[in-house]
Structures are given as structure tokens and as C-alpha cells.
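To keep things clear, I will list the structure first and then write my remarks on it.
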Amino acid sequence: MPKQCRHLLQTSDLSMDEIKLLLKKASVYANDFNAVSLEVKEKIHNKIIVALFFENSTRTVSSFEIASLRLGAKMVKLNMQTSSTSKGETLIDTFKNIHAMQPDAIIMRHAFSSAPFKLVEFSQCPLINAGSGTSAHPTQALLDLLTLYQHFGSLENLKGKKIAFIGDVKNSRVANSNIKLLQRLGLEIMLCAPSSMLPSTPLIKTTHHIGEAIEFADILMSLRTQTERHNTPIFASLKDYANAYCITQKRLYDHAKNKEVVILHPGPVHRDIDIESTMLEDRRSKVLEQVKNGVAMRMAVLEFLLVD
């Protein structure tokens, strides 16, 4: 096992040239998941990847597993609810024990924002952050970028575009990673949420009114209300939240005018709470493209860390 290796804990770990390389690789895989070169297949064949997910996941863990299999690697998924952490083993000891088995890469999700940044010092294989607390989810930001790259045609065309994040921005690691990445690429950003769901970001535009966000934006990213991270209820019900912040056909008609606004959501989507059901079937919704691109981008990331 190499003594030095690359990790992906946050998007700032990547140079702009590396981001462009990942977009190029992922674009090929998005067009054809089977377009894995013989050289890559030979180098990655039978490599073992361990998934340590201490929080629930559907899209991320599944797409990493599918990405691994399509590249020819093998994934071991541990059920952390039945692991020795439930018996009192510390996170560091769990990680060290898994690492001692010499996997070729570890993919990790944890409720604590600091977890992967503390554990990386013990890792001599690539460590990929698949979501840490409210701080970072780099592969989600990269697949979202791939989706926008496909739609607008180039990074140059993305520069100067306006994106509004609507919903529980404060508790969203997806928003945090996307904001940092998209700012590097020259996009303008607005955050739309009630005060209790807005982070302290004095240099970023904010609004409490979804109509203002829609008028501002070329791209809307809806975010799930993360009630599991709230100490006290913010709205009496999710229906009350939807009345203020759901992306609906009427709101787009009233405020987007003739703009072809792109609609994104990292999932899971709360239908008719985050986005109106009819809008999820609308041509402007790229939600399923995001899911497909999750496999493609994660194939590119694994190839980048394990082969390049």
C-alpha cells in the first residue's frame, strides 16, 4: 500500500485542472457507463473499496457501489448500526481496524463535520468524504457541476450564471460544498430561506422570499428541510414550509417569466414540500440527470484516486 496518496475530503482538495479532468472523464462515462479503458480495468481490477456510512444513504452509497463495479473494483459495505461502534468502540479505533485490513480506498459518511479530517491522518489509502455533518459533500458538488456543465455546454458558459439555493441552507453540506465550488467558477449565488435556516454569510446575497430568488436565478437548487438537525421545530408543519418555499409551476410562471430556469435537488426530494410533483416531471428539472451523473462522476473520482 502506498505511503502517500490523494484524498478527497472537500472540493478545495482539487485544482482547477483536476476539476476539468474529472468533468472530462465523467462526461465520457455519462454517455456510456461501459466506456472504461482496458488500461483502467487492468489497474483497478479487484481493488477493494470499503464503505463506512454512519448516516443513512440511498443515492450516494448505491452510486459509489455501482461506480466501483463498473470499473471492476469490489465494494465492501459495513452496516455501522451493527458494528462494534454500537459496543463502545471509538470512531478512530473502528477506522484503524478497517484500515489495518488494507483496503485500496475508504468511502466515509459521518454526522460529525470534523470526522474525515481527523481520520485522514491515519489513512494510507485514499479517503473519500461521502458527507460529513453540515460541512462537506464533495462528490455531490462535483456531480451537480457535471449536470450544469452538460446543460450549459462549458465552464465558460457557466461563468456569470446565477444560482439560488432554496431551503435548509444552514444544515446542508451539499449547499456548503456547492457554494465553495461554484464561487471558484464565477457563478453568482443567492441563499433563500427563513432566518433560522440561513448561515452567517455576509458576502453572499440572501432573501426570505422565494419569488425574489426565482427572479434572480438561472439555476434553482432546492434543499431538503433537515428536521433531524433542528433542535426545535421551525415551522408548525412541513405544509407551512411548503407554502413559503416550495418550487411550484405557478411561482415559476409568476417570477421566472421567459427564463428557462434549471431545477436541481440533491435528494431525497420531499414531493410537494421542496418541489411540486408536476415540476419534477418538467423538462427544466434535472434531478434524475443528477442521479445518473452521480455514478459517472464517482467512477471518475475513483479512477482519479486509484489509477491516475
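Glycine is treated like the rest: Cβ placed from N, Cα and C.
Among the candidates Arg109, Arg184, Arg251, the residue that Swiss-Prot names alongside Arg59, Thr60, His137, Gln140, Gly267, Pro268 for the carbamoyl phosphate site is Arg109. Across the residues annotated as binding carbamoyl phosphate (Arg59, Thr60, Arg109, His137, Gln140, Gly267, Pro268), the two Cα atoms farthest apart lie 16 Å from each other.
Within the same chain, the residues at least 6 positions away from Thr60 (carbamoyl phosphate binding site) whose Cβ sits under 8 Å from its Cβ are Phe53, Arg109, Ala130, Gly131, His137, Thr139, Gln140, Gly294, listed in sequence order. Comment: L-aspartate site residues Lys87, Arg173, Arg224; largest CA to CA distance 32 Å, whole number. If you take the C-beta of Arg173 (L-aspartate binding site) and look for same-chain residues 6 or more apart in sequence within under 8 angstroms, you find Ser113, Gly131, Ser132, Gly133, Thr134, Ser135, Ala136, His137, Gln140.
Other residues of the chain with a Cβ within 8 Å of the Cβ centroid of Arg59, Thr60, Arg109, His137, Gln140, Gly267, Pro268, the carbamoyl phosphate site, are Ser57, Thr58, Ala130, Gly131, Val174, Pro266, Gly294.
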